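Per TrEMBL, the feature active site maps to 973, 1016. The ATP binding site annotation in TrEMBL covers 593, 594, 595, 596, 597, 598, 599, 600. The compositional bias 'Polar residues' annotation in TrEMBL covers 15-44. Residues or ranges marked as compositional bias 'Basic and acidic residues' in TrEMBL: 67-109, 814-843. The compositional bias 'Gly residues' annotation in TrEMBL covers 135-144. The annotation compositional bias 'Low complexity' is assigned in TrEMBL to 283-293. As annotated by TrEMBL, domain 'Lon N-terminal' applies to 170-440. Annotation source TrEMBL lists domain 'Lon proteolytic' at 881-1067. The region 'Disordered' annotation in TrEMBL covers 15-155, 274-305, 809-844.
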């Protein structure tokens, strides 16, 4: 079904089509007068409640005879008279009657349009046979043979056309969206060709009546009811007032329905079903497709003698045998349409003078008035309804008012259907009032929104007009030029101060010319203005004066950092080259080291030493390429990348940009930032860096890039290749002591408010902190512990002095007291920011406490526990005396170096029947597990070659473990340590606890190069080692180590494991070692004798 056709056009087209038809044509469309043409602009309801007999000038159809003044003949006489006439005379008489009726109708009603049948549009018609087509239905409805008893035309004109009160079977059409209400027109579009054909046939026969029932499913669509459960059983009995084809669809038909009354569906009749097509039911002779059932022979009766009449007052034909009533929809039986049995629904009796009904009626009228004042569409509908109903009629017919209220409101479909099904007038009025109240609330909300929008628009327009007038007045007075012209002039002046390259200058001129021709209200105006703003804020050709003084650089670097000789030497080299050339190109340095060794802070010191501007940003976890290369200008809120922002902030072409945490850069669906850094950190490419936002080449070759990382394993190889690596190892105890004394101690003391107070942290206390609390490579944890010591000291001083030294009243300044008073008045929750927060705050609310000179606090090694708690590390080494099978290795971690012990034990007693095996634990990863297998195989090889009589590995079930199982361990550098541990257990020889070793081992005994020798040496020094065994290939790394790190440690480079064996087992008795475990592995004599007997 399609709705929403324009009824005004529909009725006009119908009226025109009916005027063009011939007067002798029996198939005519029905039209209404132009006086009551309808407007279909309103969605819910299209027409007020106007009864069919009250609409002058509209076509009316009836199947019931009107009131007759002549005597009605008996059915027997009528049958005899009909049997005497033959078919030919009968057809001629019918034709003469039709023509005479048409001529008389035209002469009596010259203004009325012709209608089908013998009903005249706009005038009362003859009630006899008005529902049957006069040209094809046979005799008149009175049963007088068609000629007898015919009345003059003037007598016919005095009779009124009526709608049949009883219509037991009707063609049903399902409708969607909303139900129909009696008295209100609705246009529906039918697309099913069978239903279209049935409607056209019904109009031809003068039976334009259907039943309209609402679909239960709002999304359902169709023209045929397949199942009674698909629609609501309560609908309306409607008359098709006009029908016309749909433009663009020849098979579709738009029908205008006028509902008359409520009906209820009782049964759905299938096409050609036996319960409808009864044997005695005669077929309509006008429909040649309908074949009636076999009936008993009646020689005295002919076809067509029975008149199709179901109206009240109709006289049924009675013969000698009882004949079932003729069904007006019999000709539709075989059509695939919906035929239903219906029964009329009658409203329950009510008292119009009931106070409840009168009160609800008055309320509905009042709501109508309010809605009409807010909605012009409702005003038109209400005025049309008021024209047809006087005030008295509204009060006397409340049911019509309820239907009108439901028809014009856009309520929910279930609510409207409920109103249609309600037969109690009082309940219907109340339900209609609820729906109408919702419509009023909707109209009020719409009115409020409309007023708000209108008020906002008026305010903006007023402001715009005033601003334009003010600009005009200022221009006339010469006070101020146009804002756009001033903006263009400002950009032009800024560009003159910059040394833009030619390519950039051309782009700038084009964009400036574009801005000059754009209207300020245009959306692209702000985009162009922002772009020019960024383009003129880049320091094109502007460089800061660098300081190439070697002594100055050394002084600055020594002031800020202790140690870091490699870093300081590299900066001095950079300065020396700049001093010789007069200028320097940008470099890309990468500081790699454990946390807390000063990688980030050294970058700031370098900038201060070179007199360069400093800019830092971190790329840790960065996943968006736009952070590096900027956004495209087409995006809303687009910005350049961080590099262009750094140039804007520093206002120089040669700043120092520190890219922090480059080893933790991420990768997401927005691109790979590490790949974007390839262009940025390549000295061969960054002289023409292209930002997505600026889209012009920017020279970054003068920028000094400094990157920091904890490790190089996660940095992409191409990116790592572009940077100059400088490794920062951890600090030893001596360096930590100097750093704590020079930098950490004074800074923590000032931070705690004890700058001028006699609080002394002794060197012994600092040494104890380093030894027992802070063994990591960096000094960050040492800084935290020193700050904790000074905070505890501050608390002790304040508690000893007491509150009387500086009461709260004296500590507050005048501004602080006022802010405190306002805070006391504030009763809001602390989670919420009060409205008068500016009154509760001040810049200097308090004064500091002055500690007397008599206060003295000293923190030494003895009372250090009172400030930082018990020691974390109680010994330098895990083993003071190592048992056989334990060896100390060295490992590199992100926190620096660490001592890694390898422990091997014998799981079960060694006997001649025991089986060999090896179990490994300690959270070892794949590479380290391979090192374990290699070490086990190599140890067995050593024992087989050097100690052939020692069959320890042939029968021993071993367990190898690395302590600290919660820490993952991986890498090949523990190979010689594992082999030494296994051989120590096999030879039952303990190792020196001061020996530490590191190196990768092959199955042939070759010791390969390892990494992180500096960190491992620092870890060995912290663990109290006196000898380090390392691969010979790392000799160059050993020689580069500072003397303070190597002090007290003896380094031994080795090429083969035999060198390691000689160092760890210096005084081994080979004969004793060869005969070791013989007693355990020798079989008892009884077992030997048993074997011999066998």
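Using N, Cα and C of the backbone, Cβ positions are placed for all residues, glycine too.
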For the C-alpha pair, I'd like the distance in angstrom between residue 598 (ATP binding site) and residue 973 (active site), rounded off.
27
Identify, among the binding-site residues 593, 594, 595, the residue whose Cβ has the fewest other Cβ atoms within 10 Å in this structure.
595
Centre the Cβ atoms of 593, 594, 595, 596, 597, 598, 599, 600, go out 8 Å, and tell me which other residues of that chain have a Cβ in range of the ATP site.
591, 708, 710, 728, 777, 778, 780
I need the most crowded of these binding-site residues: 596, 598. Count other C-beta atoms within 10 angstroms of each C-beta and give me the top one.
598
Report the mean pLDDT of the predicted model across the domain 'Lon proteolytic' (881-1067), rounded to a whole number.
90
Do you know offhand how many angstrom separate residue 594 (ATP binding site) and residue 1016 (active site) by C-alpha?
12
Just going by other Cβ atoms within 10 Å, which of the recorded positions 599, 1016 has the emptiest spot?
599
600, 973: which of these recorded positions has the highest Cβ count within 10 Å of its own Cβ?
973
Looking only at C-alpha atoms, tell me how far residue 600 (ATP binding site) is from residue 973 (active site), rounded to the nearest Å.
30
Residue 1016 (active site) versus residue 595 (ATP binding site) - Cα distance in angstrom:
16
Between residue 593 (ATP binding site) and residue 1016 (active site), how many Å separate their Cα atoms?
13
